[in-house]
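*Asks:* Take this structure first; my questions come after.
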Amino acid sequence: MASATRAVFGELPSGGGTVEKFQLQSDLLRVDIISWGCTITALEVKDRQGRSSDVVLGFAELEGYLQKQPYFGAVIGRVANRIAKGTFKVDGKEYHLAINKEPNSLHGGVRGFDKVLWTPRVLSNGIQFSRISPDGEEGYPGELKVWVTYTLDGGELVVNYRAQASQATPVNLTNHSYFNLAGQGSPNIYDHEVTIEADTYLPVDETLIPTGEVAPVQGTAFDLRKPVELGKHLQDFHLNGFDHNFCLKGSKEKHFCARVHHAASGRVLEVYTTQPGVQFYMGNFLDGTLKGKNGAVYPKHSGFCLETQNWPDAVNQPRFPPVLLRPGEEYDHTTWFKFSVA
């Protein structure tokens, strides 16, 4: 059984409100989540010796999250990932979003779901956050009611996303936690062994927008169906890192997505999801300038993300899984992060 407690995390400037921190605890995990961006700020898990380490990158104070930073631990919306040139059409009408990652719109825009205060509700074994995204917010059509629920069950953190729209709008919600199973502050993730259950992936152009091709992983650097050690794999294939969508086996039921094993500590993270894709990102843009928890710095490749999602730019790609939510429908997706030791 898990328990949930709450405390003040900080005050937003100019009377913007109080940010609370919620701590979920089970016999195997401890997770801290704040109401700013539904952000996971800490996640403590034991190694095979029974020693606990915090395995997510982030900050000890609210100020860290208010500065320019790469979405550490946050919920991303209204649409995660990139929309080409920040434009799309719904039912013949064209919409224009802010270009916040030239020349595209990234992760919901200038002030996405990661940069707003959510309303919390404590549950017996978790916490539910809700907000209403007004019609026209960041250029998106229609009002969107959103609920994000975190629950803890033993070694498993479950994240459920629900949304209802007043008019047709693209919706694609994810969590942008950066993990390092050696413990946050460890210099890199090269000794992590990764498996991703995907037969195909999406090649991208130089601005990281999918070309439209769905390419087989067979015989490429993207074949992660059997475990690979990241450092050696990058060297073998002369890669700068991953920042790609892997296409999961298309079922709306819970399915296996990825497994990461850190041999030295014994920690294992398995990810399951109802989503059709996962963005595997290796922190290629981290550059060591941000000061994190306990004086940690976060250089390139010091954390990895497994962002379960619909495929990037799906709103402009008719052959990709549908991303539009219409009135009367409910967006409902769940991702499971399961921690263990091996």
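A Cβ is built for glycine as well, from the same backbone N, Cα and C atoms used for every other residue.
Feature list, courtesy of Swiss-Prot:
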ACT_SITE  H176  active site, proton donor
ACT_SITE  E307  active site, proton acceptor
BINDING   N81, R82, H107, H176, S177, Y178, D243, Q279, E307  beta-D-galactose binding site
MOD_RES   A2  N-acetylalanine
MOD_RES   S14  phosphoserine
MOD_RES   S124  phosphoserine
*Asks:* For H107 (beta-D-galactose binding site), what is the tally of other C-beta atoms lying within 10 angstroms of its C-beta?
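*Replies:* Result for H107 (beta-D-galactose binding site): 26 neighbouring Cβ atoms inside 10 Å.
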*Asks:* Hey, of A2, S14, S124, which of those modified residues are within 10 Å of N81 (beta-D-galactose binding site), Cα to Cα?
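*Replies:* Within 10 Å Cα-Cα: none.
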*Asks:* Listing them in sequence order, which of the recorded positions A2, S14, H107, S124, H176, S177 have their Cα within 10 Å of that of the residue listed as 'active site, proton acceptor'?
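*Replies:* Those near the residue listed as 'active site, proton acceptor' - Cα within 10 Å - are H176, S177, in sequence order.
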*Asks:* Just how many other Cβ atoms lie inside 10 Å of the Cβ on N81 (beta-D-galactose binding site)?
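*Replies:* N81 (beta-D-galactose binding site): 26 neighbouring Cβ atoms within 10 Å.
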*Asks:* Around the C-beta of S14 (phosphoserine), how many further C-beta atoms are within 10 angstroms, looking at every protein chain?
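*Replies:* Other Cβ atoms found within 10 Å: 6.
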*Asks:* C-alpha of H107 (beta-D-galactose binding site) to C-alpha of the residue listed as 'active site, proton donor': distance in Å?
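*Replies:* With the alpha carbons as reference points, the distance is 10 Å.
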*Asks:* Which residues in the same chain, at least 6 apart in sequence, have a Cβ under 8 Å from the Cβ of the residue listed as 'active site, proton donor'?
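*Replies:* Same-chain residues close to the residue listed as 'active site, proton donor' (Cβ under 8 Å, separated by 6 or more) are P70, Y71, F72, G73, A74, V75, I76, A80, H107, D114, C305, E307.
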*Asks:* If you count CB neighbours within 10 Å, which one among the recorded positions D243, E307 has the smallest count?
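*Replies:* D243, out of the recorded positions D243, E307, has the fewest neighbouring Cβ atoms within 10 Å.
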*Asks:* Of the recorded positions A2, S124, S177, D243, which one has its Cα closest to the Cα of S14 (phosphoserine)?
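*Replies:* Closest recorded candidate to S14 (phosphoserine) by Cα: S177.
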